[in-house]
Amino acid sequence: MTEGRKPHINVGTIGHVDHGKTTLTAALTTVLTRRLSGANKVVKYDEIDKAPEERARGITISTAHVEYETEGRHYAHVDCPGHADYIKNMITGAAQMDVAILVVSATDGAMPQTREHILLAKQVGVKDIVTWINKCDVVEDEEMLSIVEMEVRELLSNYGYDGDGVDVVRGSAVKALEESSDGPWSEKIMELVGALEKIELPVREKDKPFLMSVEDVFSIPGRGTVVTGRIERGVIKVGDKVDIVGLRDLQSTVCTGVEMFHKALETGEAGDNAGILLRGIKKEDVERGQVLSAPGQIRSYKAFKAEVYILKKEEGGRHTPFFSNYQPQFYVRTTDVTGSIKLPSGVEMVMPGDNLSIEVALDKPVALDKGLRFAVREGGRTVGSGIITEILE
């Protein structure tokens, strides 16, 4: 990390429609700007609510991005206006979340989308959740608030979060926006920020074991075989041992060179587009769609469970439903592999616009890990998007 840059955390607001996610997002920027000017600036409700549409993996999603910072950290915060946008955002990973702020209205308590968002957060690997009970200004009865809090803690525990240990802050985003910066409701916003400050920083991609997906393979006369691609995580140095995983039997080799923009380097790291020279490997021994990895860090599998979102017709998806044993292509990292979908028991068919859990059996083994995102394609177009929730042996 460059000197002077604050550690960075990705945050997202989740919760039922109209419980106040967008108002809270506006209140966070407003209170922090009043209290700790710095790089903070007020972002109003309307600016967040009319979020621009973005395309991620062929899917259109409306997402608002705001940022704010504290003395010690920088936060990138994502808020989606519509429920469908949340589902799509979380499954495609268009905006990653290290921590989610669960917003629950004190007047309603937990609602169906509250549950759905918590489940999805767990499925897509959001490690931490902090909770904001909103609209507390309109609930006179302290006991009512305690019941809502208890209910939310129980719900979080049911979905595998630490319901007893999670920070729950009671406040009113609207009141915090209306009052002066040292008022009691603004203090509640600062209490929520304090809960975010306690979240452990995520492990940076650079500090994880090396992995790179192969995009292309070249033969350089006199030097050997070079594979190119973007380094997904970790660092590779000249002399490191690497495994070639997926599509075929595992091969082990050594990196004899790292190149970027035709310059020889000693190392390549997460985020770099690099060429890796491999010892004793012929051009025909390796192909697009395999991965290079630190020894023993990833294996290839043919089956997994996943959470998927199936595009609507208006999004360029299918016009008709599909049934169990539907066989599309799964675009995983840099390769398309045919596979068949098994629907959960009790689900007869899947309509465009649905999201659900499925099991997939691939025709060929591919390097897979939990949390990996993929596209579902048919005839060259994206018809769905998913994330692996469990690897099946």
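Cβ coordinates are placed from backbone N, Cα and C, and glycine is handled just like the others.
Values in this document were obtained by computation on a predicted structure and should not be read as measured data.
Annotated GTP binding site per Swiss-Prot: 15-22, 79-83, 134-137, in sequence order. Within its own chain, H83 (GTP binding site) has V17, Q113 as residues 6 or more apart in sequence whose C-beta sits under 8 angstroms from its own.
Residues or ranges marked as Mg(2+) binding site in Swiss-Prot: T22. T22 (Mg(2+) binding site) has a Cβ environment of 22 other Cβ atoms inside 10 Å.
Per Swiss-Prot, domain 'tr-type G' is recorded for 6-204. Mean pLDDT for the domain 'tr-type G' (6-204) in this predicted model: 91.
The annotation region 'G1' is assigned in Swiss-Prot to 15-22 on the grounds of similarity to another entry.
Summarising the annotation, Swiss-Prot assigns region 'G2' to 58-62. If you look at the region 'G2' (58-62), the same-chain residues 6 or more away from its ends with a CB under 8 A from one of its CBs are 51-52, 80-82, 85, 88-89, 92, 94, 309, 311, 315-316, 375, 381-382, 385.
The annotation region 'G3' is assigned in Swiss-Prot to 79-82 on the grounds of similarity to another entry.
Cβ atoms under 8 Å from those of the region 'G4' (134-137) belong to residues 19-20, 23-24, 103-107, 145, 170-175, 185 of the same chain, restricted to positions at least 6 beyond its ends. What Swiss-Prot records for 134-137 is region 'G4', and it gives similarity to another entry as the kind of evidence.
Cα of G15 (GTP binding site) to Cα of T22 (Mg(2+) binding site): a distance of 10 Å. Look at G15 (GTP binding site): DSSP puts it in a strand. For the pair C80 (GTP binding site) and T22 (Mg(2+) binding site), the C-alpha distance works out to 8 angstrom. Across the structure, T22 (Mg(2+) binding site) and C136 (GTP binding site) are spaced 16 Å apart at their Cα atoms.
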